[in-house]
Every structure is written in structure tokens, then in C-alpha cells.
Amino acid sequence: NMENRTSVKEFILLGLSVSQGAQKMCFMMFLLFYLMIVAGNLLIVSTVTSSQHLTSPMYFFLGYLSFVDICYSSVTAPKMIADLLAENKTISFVGCIAQLFGVHFFGCTEIFLLTVMAYDRYLAICRPLHYTTLMTRRLCGQMVLSSWVGGFLHSLAQTLLTTQLPFCGPNTIDHYFCDVHPLLQLACADTYTVGIMVVANSGMITLICFLILVTSYAVILASLRSQTSEGWHKALSTCGSHITVVVLFFGPCTFVYIRPSSDLSEDKSVAVFYTIITPMLNPLIYTLRNQEVKSAMRKLWCRKV
């Protein structure tokens, strides 16, 4: 029986473990970051959904990416920000598992969306004549739906593997949110096999998607060799922003999930990158280099004003 095996009713999150003085600074800083994430990504979602010009698949995916970014950071950031000022940084057992599920659900959906976007760029640049017939509205919808379903299945697997473990003793998590590795270290059982399965699950997804991304960009760059310099610039401006986001998101993710975790304090500082910094930079990266989005935002703004 799960209840008998798990006597722990709540966990204590150590958070970013900064000094008292630095906590108020961090509170202000991360609150600002979180507000920028929500505002920036909401702006992109509303621009894409209300603009008549941003109808291409690229923007359809971008709208969903921004929506996922809001959800993804909302799973961890508000709790972390509140904990910076809280005396007791506790989270209930159910809350902890819900957070674990959310982080993997939205994180994995984001990985799949970034992969879909790379495929979209590949078709647009390498198969321009067939692009509109291949990338139909229906296919775009199916790809987004598959990303959500894939994220859900991955997260379900991670969560079920973790909740099967007994938690009876120490309940202090050296992290600012509930993740698989910190929880495995607290289980009162041998977690070697589960650890391998968890790393295999996250690692395989990250690795396969990363290989697809790298391959699609290698093919794109190879096909651009014959292009004029103007074609080069246009292709690179649309791909450049995407590559930047991929590197910012995949680098830290790979670091945390592909190796068996030993040093949790290292993990949590890296986690700040993919749970807060990348979702905050995404809107900037995608709008700064993109004239279409900028002009659509201006139009939206003028209409509102």
C-alpha cells in the first residue's frame, strides 16, 4: 500500500540557498523575470492570434511555443519566488508530484515543438515549391497535438516511476522545485534501476530531438551554399533565432538529464536557465530578428491604443 510506504506528507525545498541579504535581491530579480516571461510571451500569443499577416506555420508554432513557455515557467517560478521570502519552504507530497508532472509535461512539449519548428524551417528553405502543399493547416495542428501528447506520455512515465518509490525518511530537497533526481535521492529504496529508466526516458527524448534538430540545420546550411547572399541572409535570420533558442534550452537540459545526477547544487543553478532564463529570452530572440512580428505588434498596439 502506497500510504504505508510513504510516511512523508510534505517536502522542504532548500531553494536557491542564498544568504538572507541576497534573498530579497533574488526575490525582486526573479519576480521581474517572471513578469517579463508572462508579458513577453502573452504579447507574442496575442500578436500571432490577432494578426492577419502572421498566418504561416512558423507563427502558428511560435504562438504555441510562447504559450508553453508561460505554463512551463509558471509551474516552478511563482513557488520559487514566494519561497525566497518564506520562513518555511514546504510543499505537500501531492503538490510536489504535481510540480514534477508539470515540469516534465511542459518541458517535453517544448522540446517537441522546437523540433517541429526545425522541420518546418527545413521544408520552407529546402523544399520551397512544395512547402504550402506539404505544410497544411491540418498537418500543423497534428504536429502540435502530437507534441502535447508526447509531452504528456513522457511526463506520465516519469511521474509513475517516481511515485512507486517509498518515501519514509529525510524530506529535504536541495532544489527550488520537485524534480526526479532530487526525489530519487530521498527514496527509502534502491533507486538504481528507476534512475536508469528515468535518465533513459529523458535522455533519449532530448538526444533524439537534438539529433533531428542538428541534422535539419546541417541540411539547411548545406542547401544554402548555392543560394545568393540575400537568400543566405533571409534563411539565417529565420533560423538564427531558432538555433539560439535551441542551444539555450537544450544545453542545460542535456546537462541535467542525460547524466546520472550527483551534484544537485550544480543542477539547480543550471535549471534556472531552462525554467526561467530561456522562456524570458524567447520572445526577445524571436521578435528582435523578425520584421514581420515587429510590424504586426506595432499594428496590434496601434489598434489597442
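Placed from the backbone N, Cα and C atoms, the Cβ positions cover glycine too.
Among the ranges 139-157, 177-195, the one that TrEMBL lists as transmembrane segment is 139-157.
Taking Cβ pairs closer than 8 Å, the transmembrane segment (139-157) reaches residues 57, 60-61, 64, 101-102, 104-113, 116, 119, 201-202, 205 in its own chain, all 6 or more past its ends. If you average pLDDT over the domain 'G-protein coupled receptors family 1 profile' (40-286) in this model, you get 88. Taking every listed stretch (97-119, 204-224, 270-288) in turn, the largest tally of C-beta pairs under 8 A with the transmembrane segment (58-77) is reached by 97-119.
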